[in-house]
Amino acid sequence: MPKRPCAIVLTPDDSTILCADKFGDVYSLPLMGRRYETKAVNGIDANGTNGTSDRNQKQKPFAPSATSLTVHTKRNRDALRQQQKLNETKAEKKALNFDHKLLLGHVSLLTDIACVLRASPSQKLRNYILTSDRDEHIRISRGIPQANVIEGYCLGHTEFITKLCVPPVYPHLLISGGGDDYLILWDWRAGRLLQQLDLKQLVATLRNTHLGAEVVSESSTTKDTETQVDSALRICVSNIQALEIEKQKVGHPGVEIIVTCEGVPALFTFTLGANAQLQFNATIHTESNVVDLTVLRNQNSVIYSMDNCHQSWSTDVSSDTASQSPRGLMGSPSYCTDSKTWKENQVLQANLVAATRECADSYSQISQAGVAHGKPLTDLLYGLESLRKRGSDNETEV
Amino acid sequence: MKAAGKRQKREDYRRTHKEQGNAALPQKKFYRQRAHANPFSDHQLTYPASPALMDWSPYYPAFITPDPQPTPNDPAPKALTKPVTVADIGCGFGGLLVALAPRLPDELILGLEIRTQVTEYVEDRISALRAQHAAASSSDGRYQNIACLRANTMKFLPNFFTRAQLSLMFLCFPDPHFKARKHKARIVSGTLCAEYAYVLRPGGCVYTITDVEELAEWMRGRFEAFGKVGGEGGEGGEGSGVGVFEEVPLPGEGEEGTWVDEGGEKGRVGLLVRCIREETEEGKKVTRNGGKKFVSVFRRRADPAWPDEV
Ligand SMILES: C[S@@+](CC[C@H](N)C(=O)[O-])C[C@H]1O[C@@H](n2cnc3c(N)ncnc32)[C@H](O)[C@@H]1O
C-alpha cells in the first residue's frame, strides 16, 4: 500500500477489502486481486489507472508549473526552480502493481473503519462506510460505488478517536471511543449523539482502589477515593467489541459491549439494550494491563491478551519479573446468561494457558534479553496514546 | 530577542489600535507572518466540536436573534437570525470579504484563514470598517455581514458548517505546492472535493482563481472528475458519467460589466468573477506584475440517487 494501513475491513458481501491509512485515505482492493507483472511506466499503473499523481501532467513533456511572472513567495519560486532542475532526472516512484482504488480521504490520520448495511426507506439494502480520524471526526459516507458522497458526521469527541463499534444486533447504533473521557453512543445515520458515558470515572475508581490497596497510610486522609479523579489520568480506549448474547429465554437485551484501555488491567462491560442505552455492567479485573481483545460469538466469551512486561497501570515501568511468579498472557471470561454476570471460563482458560505457555516463556526471555524494551516496547504495545496532540504550534515569524 | 521585540511592537500596535476605537484601518506591516502554515500539523486551533456548538454571535453581533427573556449565564450559543452561507477559504488579508460585504448584502460571509496574524489583521480591518461606517444610511454599507476566523479548512470545515449550508465558496489564489510530493497539501484534491460538496447546497457554486496555470488545470481536473464513475475520490482517470460539479460558463476578462448589466444568474456570475479578479490582494499583485489569471467556477449538482433508487 502507498502508506501504512491503520485499519482494514471487508465489505459486507466479502468481495472487497477496504484499507484506511495513515495519510487519511481509504483504498478498496478486490479480495481476490490480480497482480500485474509489467512494471509501471512513468508513474502509471499497468492497468492504466493512477492512484496518486496527475496523469495528464506526467504524459506531457515537462513544462514548468509557473512562469517568472507568477507571484507568491520566494519559497514557491525556489520550489519551482527545483522542480525545473529535478524533473528530467527524477525516477518515478514505483507504482502499485495490483488493483486498488482511492475511495475517500480525510486530511488526518485514519484510525478505524467500518462497513455497514442498512435498509433504505423502501427496505432495500444500502452500504455505508464509517471512518474515524485523529482529529475527532467520524465520517459517514455512502458505500461503493458512491463512496465520494458524504452523508454526515458524528461530531462530539474532543480528542482522537481510536475505535468504532457497530454492534451486530443493533447496526443502527455506533459506539466510539478514543483519547477523551467518554464512550459515545450514536444514531450514526442521523449523526445524533444518544449517550455519553464517563469512562474516566470508571477507570479512576478502579485505579483508586488499586492505589488504596498499595498506599494504605493515605486511605484515612482521602475518604472519598471512589469519586476522586486524578487530573493527570488519561484515557485511551484500545478496543471496543460487541458480543451478541443469545436472547432466547434469558431475557438479555442482546449485546454486551466490552471496552479496554491502554495501560489498564481491566475489561469494562456494558449492556446494550433495545432502548438504545448503554448500561454499565461490570469491571473485570485482569492480572496485567490488557493489550487486545476478541470475542467468541458462539461461546458468549471473550479472549484478551495481556502485557506481562510492564507493571499494571503503567505503560513504561517494566515489571520486576524476579520477584513475581510468571504472569499469564491471556484470559477468557464468559458471560453467564443465568446470573447475568461475567465469570472466568475455566476450560477455555486452561486451554489458553497450555497453548501459550511456550510463547509466554520466550516472550519474557525476549524482553529480558533486551530485544524489545524501553520506548520501542511501549510504542509497540501502547501505540494509540501517541495520537494525542501535544499542542505544539510551530508557526514562526518571518 | 529580535523576534520578541517585534512581537512587543506588534502587540503595542494592536492595543493602541483597539483603544482608538478601531476606526483607523490597520497597517499590514504589524501583522506579517511566514507565508506558509503547514495544514497537516496540529496548530493550537479553536473550533467547535460540532456546528451546533459554534457561537457565531461575537462574529455577527448585528444579526443576533433578539431574546425576549434572556436567561443569565445561559451556556447555549446565541442564535443568529440566519446562517453563514458564503465562505472564503484561505481569505488572506480579506480584500475579497470587504468587496463582497456591500455586494452580497443579504448573505453572512465568513473568511477562514489558517495564519494567526493574518486573521487578526482581517478582524481589525473589519472592526475598523464597521466603526467608520456605523452611521451609513443603509445597513448594506455597514460591514456587519462579514467576519473572519482562524481555521484549518482542510481539516475542520465540517465543524463549522452543516450539510448543504453554503451557497457560495471561494478558493482564491490557493498556495500552489508545486512539488508532486506536496500535492496532498493542496486545498483542492479529489478527496477534499467530497467535503466541499458536503457543505455546499445543490446549486451552490465554488469560485476558483489562480495565476499558476498548472494549478488551474489541476483544480479543474479534480472538480470535473469528482463523482464520476472511475473518477470518484481518486485523482487518476477522468471518469465517465455525470460528476457532482458542472463547470459554469464565464465572462472573459473585461466582459464582466456586460454580464452584470444583464442581471439574473449571469449578472451574479459576472459580479463575483470581477470581484475575485480585481478585489483579492493576490489578484491585485498579479495585475501589477502583468501576470495571467485563470478563473473557473463549478456548480454543485444534487447528489446522485442511491443505487437502490434507480
Ligand atoms: C496565497 S494566499 C491567498 C489569499 C487570498 N485568498 C487572496 O486571494 O488574496 C493563500 C492563503 O490561504 C491560507 N491557507 C492555506 N492553507 C489553509 C488552510 N488549510 N486553511 C485555511 N487557510 C489556509 C494561507 O495562509 C494564505 O493566507
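Residue positions begin at 1 at the first shown residue.
From the backbone N, Cα and C atoms, a Cβ is placed for every residue, glycine too.
These numbers come from a predicted model, not from an experiment.
These come from TrEMBL:
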type: REGION; residues: B:1-29; note: region 'Disordered'
type: COMPBIAS; residues: B:9-20; note: compositional bias 'Basic and acidic residues'
type: BINDING; residues: B:G90, B:E113, B:I114, B:N152, B:T153, B:C172, B:T280, B:E281, B:E282; note: S-adenosyl-L-methionine binding site
type: ACT_SITE; residues: B:D175; note: active site
Residues among the binding-site residues B:G90, B:I114, B:T153, B:T280, B:E282 lying close to chain A by Cβ (under 8 Å) are B:E282
At a 10 Å cut-off from the C-beta of B:G90 (S-adenosyl-L-methionine binding site), count the other C-beta atoms across all protein chains. 22
I'm trying to understand the geometry here, so how far is the Cα atom of B:T280 (S-adenosyl-L-methionine binding site) from the Cα atom of B:D175 (active site), in Å to the nearest whole number? 14
Around the C-beta of B:D175 (active site), how many further C-beta atoms are within 10 angstroms, looking at every protein chain? 22
Whole-number Å distance between the CA of B:D175 (active site) and the CA of B:G90 (S-adenosyl-L-methionine binding site)? 9
